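**Student:** Mind looking over this structure? Questions follow.
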């Protein structure tokens, strides 16, 4: 329930409602038509960016306290992950300067640069480093697999992923029959790579929080979507 969330998650949920959460009909990469869309690219206002970066930083700190999560570099996959990585690194240093005061960040280019410093990576070198990926959501998992492959190619070790939203959504069935139960992309990446994934909010949180401003029809459509596509993990 949104009312039971920690203050930083409540602030993030309010920011999401104010700036990035939209209801309507949105085609996803999976070709499903979602009744809601969460676009972290819309966190371009200073107050909204502060709310999301604080939420990421608090989530990271809680993950360290709960699981011992340890990392050297915060990595943001281009493009939406870039401001998330830089602002989260800054907020980590602000909240716990003794531990995170010298933490580095890095991000990738969509296309390798063949002049100047060259390469695919901007920011801290990844070789021999423990890397934490921060991004907005995991829907199909394709972008996260690409990011993991790039980090490994550079000699880094991915030790975890933090996302803003867990859609709690199962992967599309190989035979196109979405009536079958199935795992989420988030769960499959956890299993495939053996790394922990942490989320600030879940779809359940979004639905509960949206009841204060969304129409009854939007809430109903989102709840029906959740029931139809909810993952088994």
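Count begins at 1; order follows the chain as displayed.
For all residues, glycine too, the Cβ spot is worked out from N, Cα and C.
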**Student:** For the orotate site that Swiss-Prot assigns to 37, 38, 167, which of the candidates 67, 139, 142 is also assigned?
**Tutor:** 139
**Student:** Fewest other Cβ atoms within 10 Å: which of the binding-site residues 80, 110, 167 wins that one? Let me know.
**Tutor:** 110
**Student:** Go through the binding-site residues 29, 80, 110 and tell me which ones have a CA within 10 A of the CA of residue 139 (orotate binding site).
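**Tutor:** Those near residue 139 (orotate binding site) - Cα within 10 Å - are 29, in sequence order.
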**Student:** Within 10 Å of the Cβ of residue 138 (5-phospho-alpha-D-ribose 1-diphosphate binding site), how many other Cβ atoms can you find? Include all protein chains, please.
**Tutor:** 24
**Student:** Show, in sequence order, which residues other than 37, 38, 139, 167 on the same chain lie with their Cβ within 8 Å of the centre of the Cβ atoms of the orotate site.
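**Tutor:** Here the non-site neighbours turn out to be 28, 34, 36, 136, 137, 165, 169.
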**Student:** Looking at the binding-site residues 136, 138, 140, whose Cα is closest in space to that of residue 38 (orotate binding site)?
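**Tutor:** Going through 136, 138, 140 one by one, the Cα closest to that of residue 38 (orotate binding site) is 136.
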**Student:** Across the listed orotate-binding residues, 37, 38, 139, 167, what is the farthest Cα to Cα distance, given in whole Å?
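**Tutor:** For the residues that bind orotate, the greatest Cα distance is 11 Å.
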